[in-house]
Amino acid sequence: MTADDRRDGDARGAGRPDGDSGGAGRSAGGSGGAGRPRGDRRDAGRQGVERRDAGRQGVERRDASGRQRGAARAEGRSTRSAAAPSQRRRGTDAPRRAAFDVLRAVADSDSYANLVLPPLLRERGIRGRDAAFATELAYGALRLRGRYDAVITLAADRPTDRIDGPVLDVLRLGVHQLLGMRVPPHAAVSETVGLAREAVGAGPAQFVNAVLRAVEREADWDARIADAAGDDPLLRLATVESHPVWVARALREALVAHGRTADELAALLAADNAAPRVTLVARPGLATRDELGGTPGHLAPTAATLGGGDPAAVEAVREGRAGVQDEGSQLVALALAAAPLDGPDVRWLDLCAGPGGKAALLAACAAERGARLLANELQPHRARLVEQALRAVPPGAVEAVRTGDGRLLGDDEPGGYDRVMVDAPCTGLGALRRRPESRWRRVPADVAALGELQRALLASALRAVRPGGVVAYVTCSPHVAETQLVVVDALRAATKAGLGVQRIDAAAVVRGIAPDAELTDRDDVQLWPHVHGTDAMHLTLLRRTS
Ligand SMILES: C[S@@+](CC[C@H](N)C(=O)[O-])C[C@H]1O[C@@H](n2cnc3c(N)ncnc32)[C@H](O)[C@@H]1O
């Protein structure tokens, strides 16, 4: 495989995961690369990728700017592989090896791909388009694992639990190149077989070769794996769209419970499989959206979507005046700040603040109004991330970053706050685009375990807010058991405890911020990737009446 082949096979929408982090972007990968047909060499030609030299077969490859390879050489690093040339011929290139190592870290150490990959790319000097390729390869293979395992089962004529983990990961990477990226088939197969030789040995490499050639030979894999899944339409869809069936079922229930239709499930699952675009937040009073470049968001007046590139290249992001934040996360924080309130509006609380994305936006809003935010977080290391996220906020607007259990705060300071954000720990089923492996890690029991914590945190928030004050209950999961059911139970428990609490029309508040937002006829708000282009954030607004 040549570097051209790999670039022609550039990712569909590769890029860094758009986290809720309040800090600058960490990934070396940029987004982009979409829209080129397989085998189209125009980009390579335009960017002068090839140059005659003394490299392998007399051709030296350069990146688009021509800098990467020279810089790597100056630093004494190989841009192709750490292997000696004789081994290199038998192995693969650095981006594919990096993607493989990420999949192994996810499998062996329960690592998070979006935490492992960026430092690994940095350490190995993989940058620019190579970094984007490695990112799309790793994240795509992880997201689409269910679909690809169904393909591999048929092509290998054996279930995937009878294939060694490392060999299976190599196969997943190969199948993603063949079916999910625009890598020319000959390159996808030969480079993946090279990776197999390098990573798992010559014997398994032959097996990898045979399986990938079978995948390449056949067409219509979606129909074949749907048929193999059986007659149940949900199971067929979950297989093709690569979701555990319990997750697909929960999402279908959530769509209906939140006023949409089960017919949308296919679009929702497909949206979960697309890499999210990087969205920035201009923290009010600290940065303007114009400073960020990109395209203005369509929901939050603070949001700008980047077409590509590294967010850390934006000065306002580096300085903490702006950050990387999903537009849905921005919208729910702005909704808490905008919710109608009688009486004083000076003390705000973020009960579950780490890593600080919403705290930074809330604190910036508070600063504009002369209010102050207390940011609470259970985990000390996440509390430090909150401090980092708040670094650009005027000191007067931050009362403190507190490390402690939010469940106790309502009793420690009853009625002490005017606005309270409960961005509760949740399954994250609304942010599957962003956390490529998470759908395979979560189990139904998580929903029940988290439900208890969510109820306790919301109960504490309702004690911590003063009568007349407002609480926002937020999750990045649309699961009914983490959203509507938690709120119903919390209202019941509050009544039992002698607190008056009423629902506020959150949809009206959100419409006041985002007039074009497509919302259902309910007083809570549920955003969706396939409708709003955001994570599936949930928002309920509650007012303490007595
Ligand atoms: C969904 S995240 C919050 C995201 C954050 N609001 C943001 O926008 O960056 C939930 C946070 O709650 C924290 N957490 C978990 N249990 C908690 C507890 N009992 N009290 C306070 N925070 C808790 C977790 O450590 C995690 O940082």
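Numbering starts at 1 and runs along the chain as displayed.
In case you wondered, yes, glycine gets a Cβ from its N, Cα and C as well.
Annotation source TrEMBL lists compositional bias 'Basic and acidic residues' at 1-19 (among others).
Annotation comment: TrEMBL describes 1-96 as region 'Disordered'.
The feature compositional bias 'Gly residues' is assigned by TrEMBL to 20-36.
Among the features that TrEMBL reports, compositional bias 'Basic and acidic residues' is placed at 37-78 (among others).
What TrEMBL records for 254-545 is domain 'SAM-dependent MTase RsmB/NOP-type'.
Gly356 (S-adenosyl-L-methionine binding site) falls within neither a helix nor a strand when secondary structure is assigned with DSSP, and so counts as coil. Taken from TrEMBL, the feature S-adenosyl-L-methionine binding site covers Cys352, Ala353, Gly354, Pro355, Gly356, Gly357, Lys358, Glu377, Asp405, Asp423.
Residues annotated as active site, nucleophile in TrEMBL: Cys476.
Spatially close to Gly354 (S-adenosyl-L-methionine binding site) yet at least six residues away along the chain are Glu377, Leu378, Gln379, Arg382, Ala383, Leu385, Val386, judged by Cβ distances under 8 angstroms. Secondary structure at Cys476 (active site, nucleophile), taken from DSSP and collapsed to helix, strand or coil, is coil. In space, Lys358 is the closest of the binding-site residues Gly356, Lys358, Asp405 to Cys476 (active site, nucleophile), judged by Cα positions. Ranked by Cβ neighbours within 10 A across all protein chains shown, the binding-site residues Gly356, Asp405 are led by Gly356. Within 10 Å of the C-beta atom of Cys476 (active site, nucleophile) sit 28 other C-beta atoms, taking all shown protein chains into account. The number of other Cβ atoms within 10 Å of the Cβ belonging to Cys352 (S-adenosyl-L-methionine binding site), over all protein chains shown, comes to 24.
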